[in-house]
Amino acid sequence: YSSLLLSLSSSLNYPEQEKNPKFWNDWAQQTLKDSLEQDFSNKKAKNLILFLGDGMGVPTVTAARILKGQLSGQNGEETQLEMDKFPFVSLAKTYNTNAQVPDSAGTATAYLCGVKANEGTVGVSAAAVRSQCNTTKGNEVTSILKWAKDAKKSVGIVTTTRVNHATPSAAYAHCVDRDWYSDNEMPDEALRSGCKDIARQLFENIPYINVIMGGGRKFMYPKNMSDVEYPDMIKHSGTRKDKRNLVEEWKNKMKDEAHYVWNKEQLKSLNPKDVDYLLGLFEPSDMPYDLDRNSNTDPSLTEMVEVAIKILQNNPNGFYLLVEGGRIDHGHHEGKAKQALHEAVEMDRAIGLAGRLTSIHDTLSVVTADHSHVFSFGGYTHRGNTIFGLAPKTSDVDHKSYTSILYGNGPGYKLVKGERENASVTKYEEKNYQAQAAVPLSAETHGGEDVAVFAKGPMAHLLHGVQEQNYIPHVMAYAACIGQNKNHCMLKDGAVGLTPMFSSIATVLTVTRLLC
């Protein structure tokens, strides 16, 4: 072990200034100064933005940081993601009520509706049982998106998955099965019992969602109706057995106030100041990975977020926006780390853009994940080693090379003549390379560890320590004076009245600063 570290230290590639202790001391002192000047704002949040990186555990955040730096010609480790710049960071416990390692539906119910729930269910409490339609009624829980709409704010959903996928659906649906995308995926018994598919609920439960963008077109159209973009591909045709055309119904109901778009050109042609309602469905199912995206036809997550914020800003009462980088998760499930990490970097670009379009003084922005993955990177790689590269030494057991990135399980498990494949003979830099996994599975699984919660803006300091995941929407609602806890919302000039407990905390912080 010691000889390995010695060999690494003799070949490291790092800036000359880092050899001088003054570099590190000055950097730390500047960070300390910035921290002492940090504002614990008790202003009311006019706007709320939640960025949800699906499957973006802490190892993914770190690897994405390195990738972002390397894409701009740096070593990568010293790079800052946009989310790294947020002043407050905490941890969220992600377990579902019935699962130690969670899924995206139960977690979405937690960070959107404020209550923990069973895996596979959205917008219902833990009293509801997955796939049992008759456990829906009476167990519905509402989301912060609805609380914001009830407070006369504009609301929006932007995702790179289908708009009726697990994460976005918890914002508007009450469904005991996350896979009931349209009535085509529902059992007859559930339909007879009166349960509604998720696509239908998107338009019926909260009728005036201002912005909806993502994929999922085929779930809105009658079964076998050809897709507008892929008319000759049967797999992209409509799925609805009830023969309803939900897009046309939406357009007819909204009349001249609404705009429906299905490609980037149509999206870019809009003047956000003239748009009150926007429905953008850019693919029949999920949107393509950013590395595979046709930049002429499909907008990036950043481009969708830009349009969404500009439309939502038309409302003087403010807005709530849910943004999901949903395909980080898909990349990991497929063992394709390169796809997953590029998705994370793209979401970070969107975070940066949102920061430039809004103000930290009236916008509470939160970045988090629903869960992690069994994704890791290690192997004593050198400083600046490509994040997708090989570890510097071969295994001392089977004497074969291996990549720094590995999965605990998944489709990357492979044997050649009964032995582990030598990674050095593979195309490990390709975007669809499946990193080696310890246990063979058709799809890699989620991880069960806590996820990071980054926060900036009014009341961001309330996201601190290690908390249950369902705490997140309660803080966001408190900051904006929406939802159930509004007793503190009594002061004028944008300030929020503090409860005695928070007043005491503020007093202690003030006295501490004075003593220093």
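Backbone N, Cα and C atoms are what each Cβ position is placed from, and that goes for glycine too.
Here is what TrEMBL says about this protein:
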type     : residues                          : note
ACT_SITE : S104                              : active site, phosphoserine intermediate
BINDING  : D54, D329, H333, D370, H371, H446 : Zn(2+) binding site
BINDING  : D54, H165, T167, E324             : Mg(2+) binding site
Which residues in the same chain, at least 6 apart in sequence, have a Cβ under 8 Å from the Cβ of T167 (Mg(2+) binding site)?
L52, D54, S104, A108, T159, T161, L322, E324, G326, D370
Listed in sequence order, residues with CB under 8 A of H165 (Mg(2+) binding site) and six or more positions away
S104, T159, R178, Y181, G214, G216, D286, G326
Specify all same-chain residues, apart from the site residues D54, D329, H333, D370, H371, H446, whose Cβ lies within 8 angstroms of the center of the Cβ atoms of the Zn(2+) site, ordered by sequence.
G55, D103, S104, I328, H332, A369, S372, H373
Run through the Cβ atoms and count how many others sit within 10 Å of the one on D329 (Zn(2+) binding site).
29
Cβ neighbours within the same chain of H333 (Zn(2+) binding site) - under 8 Å, at least six residues apart
G55, H373, G410, A443, E444
Which one of these binding-site residues, H371, H446, has the sparsest Cβ neighbourhood, judged by other Cβ atoms within 10 angstroms?
H446
For D54 (Zn(2+) binding site), list the number of other Cβ atoms lying within 10 Å of its Cβ atom.
30
